[in-house]
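Feature annotation from Swiss-Prot assigns active site, nucleophile to Glu97; the stated evidence is sequence analysis. Swiss-Prot lists Asp99 with the feature site 'Important for catalytic activity', giving similarity to another entry as the kind of evidence. The xyloglucan binding site annotation in Swiss-Prot covers Glu101, His114, Thr115, Asn116, Asp124, Lys125, Glu126, Asp190, Trp191, Gly195, Arg272, and the record cites similarity to another entry as its basis. Among the features that Swiss-Prot reports, N-linked glycosylation site is placed at Asn105, Asn230. Swiss-Prot lists Cys219-Cys228, Cys267-Cys281 with the feature disulfide bond.
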Amino acid sequence: MAITYLLPLFLSLIITSSVSANFQRDVEITWGDGRGQIKNNGELLTLSLDKSSGSGFQSKNEYLFGKVSMQMKLVPGNSAGTVTTLYLKSPGTTWDEIDFEFLGNSSGEPYTLHTNVYTQGKGDKEQQFKLWFDPTANFHTYTILWNPQRIIFTVDGTPIREFKNMESLGTLFPKNKPMRMYSSLWNADDWATRGGLVKTDWSKAPFTASYRGFQQEACVWSNGKSSCPNASKQGTTTGSWLSQELDSTAQQRMRWVQRNYMIYNYCTDAKRFPQGLPKECLAA
């Protein structure tokens with residue numbers, strides 16, 4: 001089924017503008033001993049994985065709320081055992097984190113897209129999906145929108161998940177710790193594919209994932225201050241991602257994805273929560 005719906009793009013005057021992406025300016029490769037490379041004058045970045053090591057990079061900026069997008073083309077062919085990630089994370093032992101994780105699979109089998117939200121080091125809010133396209137054939141855009149009211153995960157402009165701020169119910173929500181954007185390609189064949197039953201085929205190495213089109217509309221955190229001083233006050237900025245929510249059309253698209261492509265939802269896993277489902281699940 002063709003996907004024609006795109007979420008509206010909102011601009012704000014008090015955020016960093018989404019100028020043309022340039023990896024040389026916006027990110028730094030943090031590990032991999034040369035396996036991560038910036039190419040084409042900063043327009044393309046590749047990560048590779050072999051038996052010795054994977055690789056990764058991070059944004060130079062920290063954000064306290066933002067809308068971060070990346071075009072990615074995942075490892076083709078037999079990617080079993082590999083994990084490609086795009087996420088926001090704060091440092092420390094009680095960290096906040098918002099995850100996209102792409103779990104590789106055997107040739108011809110679809111990737112699993114794993115999402116999760118951590119607050120103060122506590123996660124357990126997983127939702128997993130199969131994608132409705134081949135994520136290795138072309139670049140596709142993955143976006144995390146994080147504002148004081150909600151977190152929205154989108155794929156090519158189509159929302160797949162919304163995690164609302166339900167602190168009124170006692171549910172933790174990440175809103176106090178600035179986070180960087182991170183991405184990595186690494187070996188996780190002890191769990192990534194069929195619970196670790198399928199191992200990485202190192203004869204296919206090096207495995208490579210490609211990135212372009214990094215966009216950051218965000219409240220940049222620098223020297224203990226935000227570029228959006230009123231961002232934590234809900235509803236103070238209208239007409240931007242800081243107050244963006246899903247309209248009825250977007251909600252319909254999200255329900256279509258969840259109905260047809262969601263393969264795991266912690267909110268329906270009664271065996272995992274014998275004392276009762278999390279409160280935010282009952283309120284949804």
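Using N, Cα and C of the backbone, Cβ positions are placed for all residues, glycine too.
Given the structure is predicted, the values throughout are model-derived calculations rather than measurements.
Structural mapping of features recorded in Swiss-Prot.
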| residue | record | Cβ neighbours (10 Å) |
| --- | --- | --- |
| Glu101 | xyloglucan binding site | 20 |
| Thr115 | xyloglucan binding site | 21 |
| Asp124 | xyloglucan binding site | 12 |
| Glu126 | xyloglucan binding site | 17 |
| Trp191 | xyloglucan binding site | 12 |
| Cys219 | disulfide bond | 28 |
| Cys228 | disulfide bond | 24 |
| Asn230 | N-linked glycosylation site | 13 |
| Cys267 | disulfide bond | 15 |
| Cys281 | disulfide bond | 17 |
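Recorded residues Asp99 (site 'Important for catalytic activity') and Thr115 (xyloglucan binding site) have their alpha carbons 5 Å apart, per Cα-Cα distance. Between the CA atoms of Trp191 (xyloglucan binding site) and Asn105 (N-linked glycosylation site) there is a gap of 12 Å. Residues Glu101, His114, Thr115, Asn116, Asp124, Lys125, Glu126, Asp190, Trp191, Gly195, Arg272 are recorded as binding xyloglucan; their most distant pair of Cα atoms lies 21 Å apart. For Asp99 (site 'Important for catalytic activity'), the Cβ neighbour count at a 10 Å cut-off comes to 20, with all displayed protein chains included. Distances between the Cα of Thr115 (xyloglucan binding site) and those of the recorded positions Glu97, Asn105, Cys219, Cys267 are shortest for Glu97.
The recorded positions recorded for this entry are Glu97, Asp124, Glu126, Arg272, and the Cα of Glu126 lies nearest to that of Asn105 (N-linked glycosylation site). It is 22 Å from the Cα atom of Cys281 (disulfide bond) to that of Glu101 (xyloglucan binding site). When secondary structure is read from DSSP and collapsed to three states, Thr115 (xyloglucan binding site) falls in the strand class. Here the Cα atom of Arg272 (xyloglucan binding site) is found 39 Å from that of Cys228 (disulfide bond). Considering only the recorded positions Glu101, Cys219, Cys228, Asn230, Cys267 (disulfide bond) has Glu101 as its nearest partner by CA-CA distance. Cα separation, Cys219 (disulfide bond) to Glu97 (active site, nucleophile), rounded: 16 Å.
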